[in-house]
2 protein chains.
Amino acid sequence: MGNVLVAQSGGPTVAINASLAGVIEGTLGSRYDKIYGSINGILGIKNDNVIDLTAVVANDPRFLKRLKTTPAMYLGSCRFKLPGVDSNDPIYNTLFDQFNKYQIEAFFYIGGNDSMDTVDKLSAYAAKIGSNIRFVGVPKTVDNDLCVTDHTPGFGSAAKYIATSTMEVIFDAQIYDNPSVTIIEVMGRDAGWLTAATALAKNECCDGPDLIYLPEVPFDRDKFIQDLANLLKEKNNIVVAVSEGIRDDKGEYISAATGTLDNFGHAQLSGAGKTLEYLVKDKLGVKVRSIEVNVLQRAAAHMSSLTDINESEAIGKKAVDIAEEGVTGAMVTMERISNAPYEIKLNYAKIHDIANEAKEVPQDWINPEHNGVTSDMVMYLKPLVIGLPDVEYKDGLPVYVSREN
Amino acid sequence: MGNVLVAQSGGPTVAINASLAGVIEGTLGSRYDKIYGSINGILGIKNDNVIDLTAVVANDPRFLKRLKTTPAMYLGSCRFKLPGVDSNDPIYNTLFDQFNKYQIEAFFYIGGNDSMDTVDKLSAYAAKIGSNIRFVGVPKTVDNDLCVTDHTPGFGSAAKYIATSTMEVIFDAQIYDNPSVTIIEVMGRDAGWLTAATALAKNECCDGPDLIYLPEVPFDRDKFIQDLANLLKEKNNIVVAVSEGIRDDKGEYISAATGTLDNFGHAQLSGAGKTLEYLVKDKLGVKVRSIEVNVLQRAAAHMSSLTDINESEAIGKKAVDIAEEGVTGAMVTMERISNAPYEIKLNYAKIHDIANEAKEVPQDWINPEHNGVTSDMVMYLKPLVIGLPDVEYKDGLPVYVSREN
């Protein structure tokens, strides 16, 4: 009887710990013996910073339920890219020695594109040296930019938080009877999925954002000002959602255009939202404010999607299932069977076809004016934000778990 | 049988509509006949932009429950200061003509300091002309800076959102094993109550912010860098909460110190958080990020405090009660009877003693190092964030009410 090892890597989401809970639950119900956790991704294996998760679960009956709704990464993260499999780099020897020391039969890596690259290389190296260890990737990213899977764990919760916050910003913006422009800057350097989620704020009780700009199409400053000027003839309070990654037709980030200087003489880059705030103030002279949603969009576990949390957990369990079946070098994926009723099927795909490729918003889900999204996009997004997990509260605040406390 | 009129004014909170619901409920159970709502504060009376709230309630049985948890202001807001009572300004005639036209016996103004000034002046004018109309103020402000009352409606919800978001930012900041500084900028130009609420993030599952800087004491840049350098010897990921209104010992805003320029040549002011981000980068060279919580701290109804929402509603009802008893020129207040069990008593005070005065954080609730708050502050804050209201959801998002939809 062998053991399994799990680690987390890349930027945080609120659903990565639900996937960790799923991997733990899957292991407890499997033929595997213990489950170990590597601290700070693959670096924990290298540095022998490994904990016994079987013991953690045994010591605290509330641990798994709390873990499911805890934001960020219980095991910590790293940004570490493995060298090529044929590089003869000693790190591979080190890692496989560690796997043997802990009698590891399967390794699960919860992360984004870079983590999938690691799984790909480790499985290739295992094949090269004739090792039977299984390497399975468990996807996560708020950006929703992984290929092959319908959507990524973590995205639905971020989308829900962003859509709700957009509604609340719109209510806030509408109280005065004077012209105003409010710009919400949403994460997404290359993919506009999260910014598109602001469209969910258009519903029976809210008009939604008036304009939405994604990085998949070039951003035209003059057209933007014209869009605003037209709208201001019809209504007073305009709310705009922009992706941090919008670029002009030369491919230059809008955020790079301002030459701001701090008081030490360093050039500082303003974000897209702040840059457009200056532009609107200059060109239209109306009251204008920009809001950067910032890290809260990937950390706000108090507003996560039950659908996302449950799927993330299921994907963690599925990873253990396919490892037991002998699958390696693969990532668990979701296929959408139908929108209404919403139904997905878990599957897996060879990582070699996924890693290092990004999935952008399709051009035909962006409106012809390039300032909004289509109903197809809204239909795609809608099921992903349904439901609120049962988060435990104490003294008015959520209860989360951490290794230290 | 006469009618009553209600209006909202000043900046939004998530509890102003709960107070509006309370005023409506109080009126429905009183000897008064109809309740009218003035759109955009006192300007709606002047411009005859008034709606019949009795009819709105009668037409939608779900209205009051939804209104209680809707952010911002259902009736809209204004920033309008009445001239002096003895100015002979024709606005007073206009307003009192309108009161007579709608047979108004009592006017309720939900707002902050400026709105209380309006209530003070209207009641003084009524006394001057021998009018029997009652004028009662219903307090609100996220800043918690109104005198006489133990705390203000709207503050508890903002405190809960800020404390929760601080916890989530701390979890987010801790995932990497490298030194980092994260700076959270919280609202509060002159009073540090909201920034102090980040201290609630210190609990069984979270270390809380490492340093907290309030505007009530001078901010020393060198001491700040020394505080950070000392902490970085003990731990990797430092989280700092600062009020937007921190000032140096000459009274200059820290936000005013940076001479940033936008691409039109205008000087732009960076906020305190961004300014300290530049300072840390320059002096300590560690990874640093600043987060401006921005308008979400006053708009995030999805994370409001049940205690706050219930108190805000009760205060609205109380305002109608005291108007019926003949009180005028007064604001409803809360007295704290005890902390454990938490108990408050509603009362009222002459507005003349309240308006235009601000309540700061007491010096002895700030630690001697000027970088944190005391246990007295935490005891004061703790009861105010308890409980989550029963917010209605549809398609995964909260259901709020607006006049348009």
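Heads up, residue numbers simply count up from 1 along the chain you see.
Each Cβ is built from the backbone N, Cα and C atoms, and glycine gets one as well.
Annotation source TrEMBL lists domain 'Phosphofructokinase' at B:3-322. Each residue in the domain 'Phosphofructokinase' (B:3-322) has a pLDDT score, and their mean in this model is 94.
Within the same chain, residues at least six positions away from B:D114 (site 'Important for catalytic activity and substrate specificity') with a Cβ under 8 Å of its Cβ are B:S9, B:G10, B:R79, B:K81. According to DSSP, B:D114 (site 'Important for catalytic activity and substrate specificity') sits within a helical segment. According to TrEMBL, the site 'Important for catalytic activity and substrate specificity' annotation covers B:D114.
Around B:V142 (substrate binding site), the same-chain residues at least 6 positions away in sequence with a Cβ under 8 Å from its Cβ are B:G11, B:T13, B:T152, B:G154, B:F155, B:S157, B:A158, B:M187, B:L194, B:Q297, B:R298. A coil conformation is recorded for B:V142 (substrate binding site) in the three-state DSSP classification, outside any helix or strand. Annotated substrate binding site per TrEMBL: B:T141, B:V142, B:D143, B:M187, B:G188, B:R189, B:E244, in sequence order.
Within the same chain, residues at least six positions away from B:D143 (substrate binding site) with a Cβ under 8 Å of its Cβ are B:G112, B:T152, B:F155, B:M187, B:G188, B:R189, B:D190, B:A191, B:W193, B:L194. Marked as active site, proton acceptor by TrEMBL: B:D143.
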Task: Give the sequence-ordered set of same-chain residues, not counting B:T141, B:V142, B:D143, B:M187, B:G188, B:R189, B:E244, with Cβ within 8 Å of the centre of the Cβ atoms defining the substrate site.
output: B:D145, B:V186, B:D190, B:A191, B:W193, B:L194, B:S243, B:G245
Task: Among the binding-site residues listed here (B:T141, B:M187, B:G188, B:R189, B:E244), identify the one with the smallest other-Cβ count within 10 Å.
output: B:R189
Message: Assuming the binding residues for substrate are exactly those in the record, B:T141, B:V142, B:D143, B:M187, B:G188, B:R189, B:E244, what is the maximum CA-CA distance in angstrom, rounded?
response: 16
- prompt: Does DSSP put B:E244 (substrate binding site) in a helix, in a strand, or in coil?
  reply: coil
